[in-house]
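Residues or ranges marked as region 'Amidoligase domain' in Swiss-Prot: 1-271. Here Swiss-Prot flags Ser13, Asp152, Ile153, Glu154, Lys192, Thr193, Lys194, Pro195, Thr196, Gln197, Lys228 as CTP binding site. If you look up Swiss-Prot, you'll see Ser13, Lys192, Thr193, Lys194, Pro195, Thr196, Gln197, Lys228 marked as UTP binding site, on the strength of sequence analysis. What Swiss-Prot lists as ATP binding site is Ser14, Leu15, Gly16, Lys17, Gly18, Leu19, Asp71, and the listing cites sequence analysis. Annotated L-glutamine binding site per Swiss-Prot: Tyr54, Gly361, Phe389, Gly390, Met391, Gln392, Glu412, Arg477, in sequence order, evidence recorded as sequence analysis. Residues or ranges marked as Mg(2+) binding site by Swiss-Prot on the basis of sequence analysis: Asp71, Glu145. Taken from Swiss-Prot, the feature domain 'Glutamine amidotransferase type-1' covers 297-549. The active site, nucleophile annotation in Swiss-Prot covers Cys388. Among the features that Swiss-Prot reports, active site is placed at His522, Glu524.
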Amino acid sequence: MTRYIFITGGVVSSLGKGLASAALGALLQARGYKVRLRKLDPYLNVDPGTMSPYQHGEVFVTDDGAETDLDLGHYERFTGVSATKADNITTGQIYKTIIEKERRGDYLGATVQVIPHVTNEIKDFILSPAMDETGAKPVDFVLVEIGGTVGDIEGLPFFEAIRQLRQDLPRNQSCYVHLTLLPFIKTAGEMKTKPTQHSVKELRSIGIQPDILLCRCEQEIPVEEKRKIAQFCNVRPSAVIQAMDSSSIYAVPIDYHQEGLDAEVLDVFGMHDAPKPDLSRWEAIDQTVNHPDGEVTIAVVGKYTVLKDAYKSLIEALHHGGLANKVKVNLDWVESETFEGDEGAAAARLENAHAIMVPGGFGERGAEGKIRAAQFARERKVPYFGICFGMQMAVIETLRNVAGIKDASSSEFGPTERPVVGIMTEWIKGNETVQRRANDDLGGTMRLGAYDAVLTPGSKVAQIYGGTAISERHRHRYEVNIGYAHRMEESGLKLTGRSPDGVLPEIVEREDHPWFIGVQYHPELKSRPFAPHPLFASFIAAAKEQGRLV
């Protein structure tokens, strides 16, 4: 029997519902249960694929090609369970489905309304089969996070749907966890419970009585305040769980267990004989985080550095590499535009970095700065890791400054006679521009999800991966033009990874450099704290070695 846990939020956004959901999922896993996490996003966009990184943050891509909320990255990293298209839905998708059904006549002339049609679609999504990763057995728990905060007009159909589900499901098969905020007013020297009381009041006004309150706070909650919250919010004192700020997100499962969150959830379900949790791997990570053997500094040369959430999986993957090497990873965020117009700016800013990371991005803005970062890394022999756009800029840099093709560019930046990088429907064959269409082998213009690649035997990447066959997640419209492969190789930039048909360049590396690798895919999306991605583990190892040399 699958049980359902609904995680809602109140008072303010960005309290960490996704992280709380992931941590609770990890605690249930530690007790031997199978879990799956799902996210309901109330925005009207069909998916976040076209949303600005400054508004939405990272777009997390699943193996089956879904563009989803960054919280699914937390789910995967904490539980190790790969998410799918069936684990994220938006209001836009729901309305799109309903309108298509109405146009087909599926509703037989009925008036289409929020209740029951929208709420039924939401309930159908939540109750859709949730299988373990083998696909053979249903999971024990489905954790469902509702985006936004209680009181948001966009979220009302979702709250109504989960209200109905408590009545639809058998007794003791659902649990409401409400994440809220207990602000500490420094001038008054006291913690305020009123925002939490009002948040729960709003939740109860729409028919939902939370079973557990997870209270974000900067300081410990006094016992009398817990009793006060319990009394006014109609929960047991033991169900008021303290969620203090933590120095590391990977300490959160341990903290929540010590506060009794998982035990309280199991009590709601009447599961009093649940196995004790094995938190040894979380404790090992916490030990490494708090007692590293050293530090490395990675310069991250990006376009969206104002909002760090735009690089959420990348940040975590770099820290996973640090865990693998038992070092603390310090990130120096560099806006790539600062390198444009000043040739010495890159050298001055990157001088103290042990390694350089150039992540993905879209558009011409900041591209020249990323090219200069790649040039600095190549010339100074500093470890360089280029992902997606970062690989493409490394290729352009080599062809401009080593091969002598001074006008090498990308068709993403506008018309060019030297499209070293082109959209996947544009390729140069001889003197002709070849147009590929959606029904050709390469498909459309956006490559999403997991694709296989073949590595060159004996290459650095083959050694790092420990084999020549890999599968990685992609999200891009532009590719390095295979027609320039020979010039790249002549310039020392070896093409050591391709699609199985040999057409699409996937990986480049320099043989005359201690660690210079560019990849077209996004390896950060598959990194886990317990299984750091091999490229990130190797990259941080190279940075650690660089630190010994300088």
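Cβ from N, Cα, C; glycine included.
From a predicted model like this one, the values you see are computed outputs, not experimental measurements.
Here the features listed in Swiss-Prot are placed on the structure.
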| residue | record | Cβ contacts under 8 Å, 6 or more apart |
| --- | --- | --- |
| Ser14 | ATP binding site | none |
| Gly18 | ATP binding site | Lys39, Asp69, Leu70, Asp71, His74, Tyr75, Glu145 |
| Leu19 | ATP binding site | Asp71, His74, Ile249, Val252 |
| Tyr54 | L-glutamine binding site | Tyr304, Val306, Leu307, Ala310 |
| Lys192 | CTP binding site | Leu182, Pro183, Phe184, Ile185 |
| Thr196 | CTP binding site | Gly10, Val11, Thr180, Leu181, Leu182, Leu213, Cys215, Ile229, Cys233 |
| Cys388 | active site, nucleophile | Pro359, Gly360, Gly361, Arg475, His476, Val519, Gln520, Tyr521, His522 |
| Gly390 | L-glutamine binding site | Met357, Val358, Pro359, Gly360, Lys370, Ala374, Gly518 |
| Glu412 | L-glutamine binding site | Phe362, Gly363, Glu364, Val421, Ile423, Arg477, Tyr478 |
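For the binding-site residues Leu15, Ile153, Met391, the largest tally of other C-beta atoms within 10 A is found at Met391. With a 10 A radius on its CB, Ser13 (CTP binding site) counts 11 other CB atoms from all the protein chains.
In this view, Lys17 (ATP binding site) is surrounded by 25 other Cβ atoms within 10 Å of its Cβ, with every protein chain counted. Pro195 (UTP binding site) sits 44 Å from Phe389 (L-glutamine binding site), counting Cα to Cα. Remark: of the recorded positions Lys194, Lys228, Arg477, His522, the most isolated position is Lys194 (fewest other Cβ atoms within 10 Å of its Cβ). In the three-state DSSP assignment, the secondary structure recorded for Thr196 (CTP binding site) is helix. Spatially, by CA atoms, the binding-site residues Thr193, Met391, Gln392 include one closest to Ser13 (CTP binding site), and that is Thr193. Taking the Cα of Met391 (L-glutamine binding site) as the reference point, the closest of the recorded positions Leu15, Gly16, Ile153, Lys228, Glu524 is Glu524.
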